[in-house]
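So that you can see what the record holds, here are the features copied from Swiss-Prot:
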- 1-63: domain 'HTH dtxR-type' (DOMAIN)
- Asp8, Glu99, Glu102, His103: Mn(2+) 1 binding site (BINDING)
- Glu11, His77, Glu99, Glu102: Mn(2+) 2 binding site (BINDING)
Amino acid sequence: MPTPSMEDYIEKIYSLIETKGYARVSDIADELFVHPSSVTKMVQKLDKDEYLIYEKYRGLILTPKGTQMGKRLLERHALLESFLSIIGVDPSHIYHDVEGIEHHLSWNSIDRIGDVVQFFENHPDALKTLKEMDPTKPDTKE
């Protein structure tokens, strides 16, 4: 299993390839706010663990294993963003909160959160009831 740091790199590489068609060491460094030398070290480790194929000065490509993991990690991130949005977390906190929790949840927990998100997507009345429970709204009952 990849470490949380490895997951961050795989997710970012997958995302870059999906949006730009490629991922360069400099792009990854810019996106993750790290030095290119740190990216090179991690890319070499990911190559050794068969998540990608890296050739110095030529770039990198994800292996099927890396592509599958990258897709799953990106979906996990989006799912957690949806969940936090549904439960009323302030949008300005969502990205940071997801970054803080995504590596600490089991895949079983992620699947259950997916069930909750799907439930609220399929039951707008239940979502409306949940939104009405928002503690930040002033109590209008007297």
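Cβ atoms are placed via backbone N, Cα and C, with glycine included.
Sequence features annotated in Swiss-Prot and their locations in the structure.
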| residue | record | Cβ neighbours (10 Å) |
| --- | --- | --- |
| Asp8 | Mn(2+) 1 binding site | 20 |
| Glu11 | Mn(2+) 2 binding site | 22 |
| His77 | Mn(2+) 2 binding site | 17 |
| Glu99 | Mn(2+) 1 binding site | 12 |
| Glu102 | Mn(2+) 1 binding site | 19 |
| His103 | Mn(2+) 1 binding site | 14 |
At the Cα level, what's the spacing in Å between Glu102 (Mn(2+) 1 binding site) and His77 (Mn(2+) 2 binding site), rounded?
-> 7
Around the recorded Mn(2+) 1 site, report the further residues of that chain (criterion: Cβ within 8 Å of the mean position of the Cβ atoms of Asp8, Glu99, Glu102, His103; site residues excluded), sequence-ordered.
-> Pro4, Glu7, Glu11, His77, Val98, Gly100, Ile101
Taking the centroid of the Cβ atoms of Glu11, His77, Glu99, Glu102 (Mn(2+) 2 site), which other same-chain residues have Cβ within 8 Å of it?
-> Glu7, Asp8, Leu73, Arg76, Leu80, Val98, His103
The correct DSSP tally for the domain 'HTH dtxR-type' (1-63) reads 38 helix, 8 strand, 17 coil
